[in-house]
Amino acid sequence: MASYLCSSKPVLLFSALVLGALSTFLEAQDPSQLSLDYYLKTCPKAEQIVREEMERAVQADPRNAARILRLHFHDCFVQGCDGSVLLDDTVTLIGEKQAEQNVNSLKGFDIVDRTKTKLEAECPGIVSCADLLAISARDGVVLVGGPYWDVPVGRKDSKTASLDQANTDIPTPQQGLVTLISKFLAKGLSATDMVALVGAHTIGVSRCTNFRDRIYGDFELTAKHEASSLPYLSKLKEDCPLDGGDDNISPMDDFTPTLFDNAFFKTLLKGTGLLNSDQEMYSSLVGFQTSSLVEKYWADPVAFFKQFSDSMVKMGNITNPEGGEVRKNCRFVNT
């Protein structure tokens with residue numbers, strides 16, 4: 001681990017970051033008006049339509065579940081869960097798709113487009129793109145073996161996006177634990193929420209450019225130089241050479257990469273987490289709380305599923321204080 005984790009100064013810095021992040025959240029959070037029956041009378045078939053489209057998408061490619069879940073996550077971390085991540089660039093609006101953590105990474109926009117077309121045909125101008133994304137993320141998780149949770153709805157779609165916030169607020173694979181926790185706290189999400197939500201990487205993949213430093217860095221150290229990890233590391237280096245191959249991908253859970261389960265946490269216990277940011281939750285010297293949660297969720301899949309569901313609702317309830325509209329097309333604001 002980086003040397004800054006070994007001194008006493010980071011602990012003070014961490015406390016300051018936490019307090020600052022909480023202060024920001026308390027000032028900015030808008031009380032949510034979401035409910036489970038928001039579309040009961042105005043679009044009673046909304047969830048059925050979303051589910052059917054996700055069933056088609058996951059049947060065509062199981063990785064679509066992770067793609068939609070990632071879209072929802074990146075949406076909620078910028079301006080709240082308001083569909084801003086779905087906006088295309090125009091002459092008058094700069095979207096978030098070219099942000100460092102989004103470009104060449106986010107996929108699934110075509111699934112959103114198809115689902116929105118079906119919803120507009122059934123009940124025009126009623127179901128927001130932000131709600132569509134939140135429901136789709138839940139259904140995708142369920143379809144690949146994960147837990148079900150009730151999704152409160154009633155979000156509005158923003159009329160703006162923020163490339164700057166996307167570049168600063170979304171966690172990156174190279175960041176340390178102190179920074180990662182502070183970013184979640186800034187959104188009103190605890191360290192417990194963070195560990196549970198990152199568990200979604202059990203169905204995710206990562207590009208070589210995001211894990212190259214890890215596999216050519218402290219991978220063997222965190223794996224305690226266990227001989228059993230060497231074949232896996234060799235395979236990763238074949239897929240991700242020192243030069244080139246930036247877009248080559250590898251699953252973040254090499255045990256059951258297409259099944260939503262708790263196996264991801266086993267990789268962290270073995271010290272073979274693909275991303276530095278993931279392994280930090282178990283191996284960081286300041287990760288007392290997070291390391292115990294990693295152990296808990298590997299030992300108790302029911303506890304993981306329960307906390308993941310609760311944390312997804314909590315993250316999904318982050319609203320945009322500015323309000324918004326119901327977009328007719330998820331890629332563009334209404335004219």
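Backbone N, Cα and C atoms are what each Cβ position is placed from, and that goes for glycine too.
Taken verbatim from TrEMBL:
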type	residues	note
SIGNAL	1-28	signal peptide
DOMAIN	33-334	domain 'Plant heme peroxidase family profile'
SITE	Arg70	site 'Transition state stabilizer'
BINDING	Asp75, Val78, Gly80, Asp82, Ser84, Glu96	Ca(2+) 1 binding site
BINDING	Pro171	substrate binding site
BINDING	His201	heme b binding site
BINDING	Thr202, Asp253, Thr256, Asp261	Ca(2+) 2 binding site
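Feature annotations (TrEMBL) mapped to structure.
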residue: Asp75; record: Ca(2+) 1 binding site; CB count, 10 Å: 29
residue: Gly80; record: Ca(2+) 1 binding site; CB count, 10 Å: 27
residue: Asp82; record: Ca(2+) 1 binding site; CB count, 10 Å: 29
residue: Ser84; record: Ca(2+) 1 binding site; CB count, 10 Å: 28
residue: Glu96; record: Ca(2+) 1 binding site; CB count, 10 Å: 26
residue: His201; record: heme b binding site; CB count, 10 Å: 24
residue: Thr202; record: Ca(2+) 2 binding site; CB count, 10 Å: 29
residue: Asp253; record: Ca(2+) 2 binding site; CB count, 10 Å: 25
residue: Thr256; record: Ca(2+) 2 binding site; CB count, 10 Å: 17
residue: Asp261; record: Ca(2+) 2 binding site; CB count, 10 Å: 19
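Other residues of the same chain near the Ca(2+) 1 site, with their Cβ within 8 Å of the Cβ centroid of Asp75, Val78, Gly80, Asp82, Ser84, Glu96, are His74, Cys76, Phe77, Gln79, Cys81, Gly83, Val85, Ser158, Ala161, Ser162, Gln165, Ala166, Asn320. In space, Asp253 is the closest of the binding-site residues Asp82, Pro171, Asp253 to His201 (heme b binding site), judged by Cα positions. Candidates Pro171, Thr202, Asp253 (binding-site residues) were compared with Gly80 (Ca(2+) 1 binding site); none lies inside 10 Å Cα-Cα. Taking all protein chains in view, 23 other C-beta atoms sit within 10 angstroms of the C-beta of Arg70 (site 'Transition state stabilizer'). Of all the Cβ atoms in the protein chains shown, 20 others lie within 10 Å of the Cβ of Pro171 (substrate binding site). Of all Cβ atoms in the shown protein chains, 27 besides its own fall within 10 Å of the Cβ of Val78 (Ca(2+) 1 binding site).
Averaged over the domain 'Plant heme peroxidase family profile' (33-334), the predicted model reaches a pLDDT of 97.
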